[in-house]
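Q: Take this structure, written in structure tokens, and hold onto it; I'll ask about it next.
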Amino acid sequence: MKVARVIVDVPSRDTDRTFDYSIPPQLDGWVEIGSRVAVPFGGRALQGIVTAFAADAEVEAAKVKPIAELMDAMPPLSAELVQLGEWISKRWLCPLTIALQAMLPAALKGKAEKYVFPAIGAHWTEEETARSGGLLLALGRGEPLKLASLLQQYPDQGEQLKLWMRQGRLEERQRVENRMSVKTMQTVFAPDADKLRQAMAELPARARKQHEVLAYLADNPEPIAVERLAEALGTTSSTIRALADRGLIEVRAVTEDRDPYANRHFPPSVPMTLTPAQAEAIAPIIDALDSRDHRAFLLHGVTGSGKTELYLQSIDRCLSSGREAIVLVPEISLTPQMVERFKSRFGAKVAVLHSRLSNGERYDEWRKIREGRAQVAVGARSAIFAPFERIGLIVIDEEHETSYKQEESPKYHARDVAIERARLNGAVVVLGSATPSLETYAASKRGIEMGYISLPQRVADRPLPGVRLVDMREELKLGNRAMFSRALHEAIVSRLEKKEQMVLLLNRRGYATFVMCRSCGYTATCPHCEIALTYHRGAQTMRCHYCGYAEVEPKTCPSCESPHIRYFGTGTQKVEESLAETFPGIRVIRMDVDTTTEKGSHERWLTEFKERKADVLLGTQMVAKGLDFPYVTLVGVLAADAALRLPDFRASERTFQLLTQVAGRAGRHELPGEVIIQTYDPEHPSITSVQGHHYEGFVRQELKLRHVFGYPPYGRLIGVTLSHESVPMLLSAGQRLATRVRELATAERIGSDFAGGNGDALEILGPVASPIARLKDRYRFQCMVKYRGDVDASRLVAQALRELEEAVKKNGLIVSVDVDPQMML
DNA sequence: AGCACGCCGACT
DNA sequence: GTCGGCGTGCTC
């Protein structure tokens, strides 16, 4: 009996294998590898993906059930993507269904819905019918009805329904349905100001928060999302709901638009004539495309060297050979300007995929690709799964960006997936960056698996901006306690006079980074996470940036009641305030997660800045990436070493990359640029190398350190984080795991004297408390496996984890594995 | 992940 | 004597 092997959508270790289903005659010939099917599984209906066929079931024929339904006429995944999914699940140690789900748009994440209908021959008394308040009448019409909507419509009949189902008078059937939910947003609509004032007068005086809400709406009459309004006023949605209940405001679910680019016109662009340097750089890429071999290249080009034009011309070449192209861009750089560059060149052939799209929009773009109506996919990380069938080229712009690593399961890195997918397709990969990750750089310098292409000059020979380092310790000695050094102060003044613009970077949001009592040393920490709370000026709250916990600012010390409670450290809010005080009349746009939560706000700020409605763009790392404004002639970094002391071996690399990227924002057009970096550590290589735009110098030094400690690219890492409410439990589980990995390594004769890139093999560190030792009320311990690249450590870790899970069963221990972790926190 | 099956406390 | 608490095991 021919069977389909199905991966069912239950993300657990013991269901991480195929289950066999027979193919009903009417589906014969329709079910393919990659088909999405609904199947009965343990008494319920589930979604699954067909990954193989077999001539016979691996279990006795009586156990094999038929596929209930084929969910799409055209399989959403190809055999190639299924294969890629299998590779991902092995590489990052996750259940295959999780890898496969990551490839599907959210709209295709099927969910079982329960339907109820009367059993044949079931009767109800007149009294029961009357008591059911219309429910039995509705059921009596014959159509099975959705259980969830019945419960919503008749909230008090839940018990009754359950009883009838137990008695067999009602029957239940499950059906897997698409979650084609159009995205909606609860939005507040305010009446006109007069009505609002009248409403305020009618409100009881003690309803203070409700007054505030109405006052805010009187000033800001445009519709606003409930969540956002609540956040702006430091209250909760219940306040707003209360107002809606009184009928004073209206709250409606607003659906989001489906074609984000429907009303936009993209003026066509033609290929630019390449500079000699560009022409030389693109040649090997074109060669590789023409030969149809799998090849990968690092395109190492300084900021402003014209990498995007090379991408465009490479894509053009790829398309003209009848193949398709994927372009990955960091989420944050996926701005309308960026999209425009691709749409202008390739028009309707471009599909755009990013997280800001609603599920419906995303699904529509995805279908354009699947159905062959688009040949270029431009998108963030997950666009690497664009369902093309003839991929010729994959471009990853800003390849060093951390956002290419997904932090939830599957914890894949899009760069590695790209290379594997290109290998499967005989396609070319181009990794572009001004500051390549050390892994990529080292690989390209080895020259075996990856070629190196350099583009060391900016186009039109525009100079890289001059970089000045300012030692803030000297400033302090000279009595300057302000957050702006004298140099930066002067530079700001001169830009204001010349009506030029500035970008200021501070990689910390909020107002003050911690709150401490000067009398007793008490610091405010999150009660759930052991993380210092950050003070936010606007809402006068202290917030945890990890779990979102917030409390009102204390007037006196909660511990000793001293009034000497002070705010330390500087966040973007405080800089904004200080700019206004120091430079009266200065116009500042602040961009950080607090000001860009609303859909489209990110874009709006950038447009305003571009139109020169502000002098300063102040923000966290989101102002460092890919922005291109002709009037920006000054970039200021307020505290360059902020991220340097983090307990992460990549801290230096990140700092260097961030500083170089932000420095590249200055002087990109006619006007020359200047960069001022304030630091307490002006000798640090991450910082001094930025001054000379000296990537190679920085990398050489950093690689030496990595070599000594056996960190990537010389060794590889697997992080395992265990979390539980109890510390002793965690410690014993952690030790058990570490011991077991060690035993397995010894059994396989893998030496444990790995130190640096020349030792041999594998070592396991920990368990130790995680840098964030407690998160959301759970303690966290971690182990780190450090190993030489040719050792199959993930197999050992997987086995040790299986054994550990077997041993502790369900006692609440949560284990999370991260292969090639990018963040050590 | 769910849902069933199974073995021990507070109720009609 | 029964309802139901959630520990354990299976799902083609």
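Glycine is treated like the rest: Cβ placed from N, Cα and C.
Take a look at what TrEMBL says about it:
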- A:C517, A:C520, A:C557, A:C560: Zn(2+) 1 binding site (BINDING)
- A:C526, A:C529, A:C544, A:C547: Zn(2+) 2 binding site (BINDING)
- A:288-454: domain 'Helicase ATP-binding' (DOMAIN)
- A:552-706: domain 'Helicase C-terminal' (DOMAIN)
Q: How long is the line from the C-alpha of A:C560 (Zn(2+) 1 binding site) to the C-alpha of A:C544 (Zn(2+) 2 binding site), rounded to the nearest angstrom?
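A: So the alpha carbons of A:C560 (Zn(2+) 1 binding site) and A:C544 (Zn(2+) 2 binding site) sit roughly 22 Å from each other.
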Q: Translate the DSSP assignment of A:C544 (Zn(2+) 2 binding site) into the three-state scheme.
A: coil
Q: Cα distance, A:C517 (Zn(2+) 1 binding site) to A:C544 (Zn(2+) 2 binding site), nearest Å?
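A: Spelling it out, the Cα of A:C544 (Zn(2+) 2 binding site) and the Cα of A:C517 (Zn(2+) 1 binding site) are 18 Å apart.
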Q: With the cut-off set at 10 Å between Cβ atoms, which of these binding-site residues ends up with the most neighbours? Options: A:C517, A:C560.
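A: Of A:C517, A:C560, the one with the most crowded Cβ is A:C517.
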Q: Restricting to the chain of A:C520 (Zn(2+) 1 binding site) and a gap of 6 or more, list residues whose Cβ falls under 8 Å of its Cβ, or answer none.
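A: Listed in sequence order, they are A:C557, A:S559, A:C560, A:S562.
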Q: In whole Å, how far is A:C526 (Zn(2+) 2 binding site) from A:C517 (Zn(2+) 1 binding site) when you measure between their Cα atoms?
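A: Checking the Cα atoms of A:C517 (Zn(2+) 1 binding site) and A:C526 (Zn(2+) 2 binding site) gives a distance of 16 Å.
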Q: Take every residue in the domain 'Helicase C-terminal' (A:552-706), average their pLDDT values, and give the whole-number result.
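A: Mean model confidence (pLDDT) across the domain 'Helicase C-terminal' (A:552-706) is 89.
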Q: Enter the number of other CB atoms within 10 angstroms of the CB of A:C557 (Zn(2+) 1 binding site).
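A: For A:C557 (Zn(2+) 1 binding site), the count of other Cβ atoms within 10 Å is 21.
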Q: Check the DSSP secondary structure of A:C520 (Zn(2+) 1 binding site), expressed as helix, strand or coil.
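A: The residue in question, A:C520 (Zn(2+) 1 binding site), is coil (DSSP, three-state).
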Q: Around the Cβ of A:C544 (Zn(2+) 2 binding site), how many other Cβ atoms lie within 10 Å? Please give the count over every shown protein chain.
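A: Other Cβ atoms found within 10 Å: 22.
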Q: Using a 10 Å cut-off, grab the number of neighbouring Cβ atoms around the Cβ of A:C526 (Zn(2+) 2 binding site), all chains included.
A: 23
